[in-house]
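TrEMBL annotations:
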BINDING   Asp114, Gly119, Asp121, Ser123, Glu136  Ca(2+) 1 binding site
BINDING   Pro212  substrate binding site
BINDING   Thr243, Asp292, Thr295, Asp300  Ca(2+) 2 binding site
COMPBIAS  48-57  compositional bias 'Low complexity'
DISULFID  Cys85-Cys162  disulfide bond
DISULFID  Cys115-Cys120  disulfide bond
DISULFID  Cys168-Cys368  disulfide bond
DISULFID  Cys249-Cys279  disulfide bond
DOMAIN    75-372  domain 'Plant heme peroxidase family profile'
REGION    42-70  region 'Disordered'
SIGNAL    1-35  signal peptide
SITE      Arg109  site 'Transition state stabilizer'
Amino acid sequence: PSKQPEGAKLVTMAKLAAALAVLALLGCMARECQADYGHPSPPPTPCSPGHHSTPPSTASPPSPAPVPSPPASAELVVGYYQKTCHRAEDIVRETVRGANAGIMAGLVRLFFHDCFIRGCDASVLLDLADPSSATEKFGPPNLSLRGFEVIDAAKARIEKECGNVVSCADVLAFAGRDATFFLSNKKVYFDMPAGRYDGLVSLINETLIHLPPPFATVEQLKANFASKGLSADEMVTLSGAHTIGASHCSSFDDDLSDRLNASTSDMDPKLMASLEKQCKSDTGSDNKVVQDIKTPNKLDNKYYKNVLSHEVLFASDAALLTADDTSAAVRANAEDNNVWEEKFKAAMVRMGAIEVKTSADGEIRRSCRVLNTY
């Protein structure tokens, strides 16, 4: 990862005012930026089937028990591609299965970051949209996103088999669902409604505005999720995804979070000491650490137990204990993994219905990285 000496300043400016955020983000394009308030990587190459090996075939997961989920938007239905591309979901599942646990965790995060900016419309996948602005992909919170190559591979296989009938937004939604399935040891499976169209707009200056930062207070988290139509309980439920994946040390050890400061942090002393060693770098590199020290590659309710024992990385995780309703939700999820799993399924479906596009304001991209007009 690259160094970022001005990352904390960037986030602070963005937090103070949207106008300053825009200026900071434009400046960010000319220099390196902090990640998970992110680490820049070379611009990805356009998707090409030849760059990906064929993933191993896998049988469809068992039919899940009915899960009472809040209704999705009218445009979304289960089995949407049964007639136009009946193997679409199988292709995505097979492709996701070929990824490692880190990339699978990245796919769940990629789905979240897509839905929270302009809805679930694959706008986060774009390399180019408006010639006068960089896309969401290059905003500070998104520079450490992973899993783009899995989406590219699945989309390429679908295009070859069915033509241009399956949206990138739906491929991403299926991939988030299937990553959840594999990371839970094939336990957490649910039907993901489809019928999304791909968005036509993707702007870098909207990332800091819409995505909750790792130093957010519980009230800020509630407001952020409420703006997307999600409840405080759903916010706590979806936060459980922090039981998988890894984070750059700069995301929790900076001037805004300062989680490794024993005089101000409530972090467990043993975890703090361990993180100080893991984050130490003689070269100035921004090291990565797992988010869940107990079961880092398994989607389960250990995250909530970690919150209660003060063994979480982010200030936003610790903040869940500072309000009565979110604290009660943390304790309930920690007590019963099955209850949390059912809630997580429903919350993923609910999140997947945020501001979905239709044919009137979207398209079905041939390549997930560029609009059809390019």
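Backbone N, Cα and C atoms are what each Cβ position is placed from, and that goes for glycine too.
Everything TrEMBL records as a feature, shown here on the structure.
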{"residue": "Arg109", "record": "site 'Transition state stabilizer'", "Cβ neighbours (10 Å)": "21"}
{"residue": "Gly119", "record": "Ca(2+) 1 binding site", "Cβ neighbours (10 Å)": "22"}
{"residue": "Ser123", "record": "Ca(2+) 1 binding site", "Cβ neighbours (10 Å)": "27"}
{"residue": "Glu136", "record": "Ca(2+) 1 binding site", "Cβ neighbours (10 Å)": "28"}
{"residue": "Cys162", "record": "disulfide bond", "Cβ neighbours (10 Å)": "16"}
{"residue": "Cys168", "record": "disulfide bond", "Cβ neighbours (10 Å)": "31"}
{"residue": "Pro212", "record": "substrate binding site", "Cβ neighbours (10 Å)": "20"}
{"residue": "Cys279", "record": "disulfide bond", "Cβ neighbours (10 Å)": "18"}
{"residue": "Asp292", "record": "Ca(2+) 2 binding site", "Cβ neighbours (10 Å)": "23"}
{"residue": "Asp300", "record": "Ca(2+) 2 binding site", "Cβ neighbours (10 Å)": "21"}
Next item on the list: Fewest other Cβ atoms within 10 Å: which of the disulfide-bonded residues Cys85, Cys115, Cys120, Cys249, Cys368 wins that one? Let me know.
Entry: Cys85
Item checked: Nearest of the binding-site residues (Asp114, Glu136, Thr243, Thr295, Asp300) to Cys168 (disulfide bond), judged by Cα-Cα distance -> Asp114
Checklist line | Residues satisfying Cβ distance under 8 Å from Thr295 (Ca(2+) 2 binding site), sequence separation of at least 6 | finding: Thr243, Lys302
Check: Does Asp121 (Ca(2+) 1 binding site) have same-chain partners at least 6 apart in sequence with Cβ under 8 Å from its own Cβ, and which are they?
Finding: Asp114, Ala169, Arg196, Tyr197, Asp198, Gly199, Glu355, Val356, Lys357, Gly362
Next item on the list: Round to a whole number and give the Cα-to-Cα distance in Å for the pair Cys85 (disulfide bond) and Cys368 (disulfide bond).
Entry: 18
Next item on the list: Would you mind checking how many other C-beta atoms are within 10 angstroms of the C-beta on Asp114 (Ca(2+) 1 binding site)?
Entry: 29
Note to self: Whole-number answer please: how many Å between the C-alpha atoms of Gly119 (Ca(2+) 1 binding site) and Arg109 (site 'Transition state stabilizer')?
What the structure shows: 14
Note to self: Just to confirm my parser: what is the rounded mean pLDDT across the domain 'Plant heme peroxidase family profile' (75-372)?
What the structure shows: 96
Notebook entry, point to check: Could you tell me the C-alpha distance between Cys162 (disulfide bond) and Asp292 (Ca(2+) 2 binding site) in angstrom, no decimals?
Noted result: 40
Notebook entry, point to check: Other than its own, how many Cβ atoms are within 10 Å of the Cβ belonging to Thr243 (Ca(2+) 2 binding site)?
Noted result: 27
Notebook entry, point to check: How long is the line from the C-alpha of Cys120 (disulfide bond) to the C-alpha of Pro212 (substrate binding site), rounded to the nearest angstrom?
Noted result: 16
Check: Counting distance between Cα atoms, which of the recorded positions Pro212, Cys249, Cys279, Asp292 is nearest Ser123 (Ca(2+) 1 binding site)?
Finding: Pro212
Item checked: Integer Å distance between the CA atoms belonging to Asp292 (Ca(2+) 2 binding site) and Pro212 (substrate binding site) -> 19
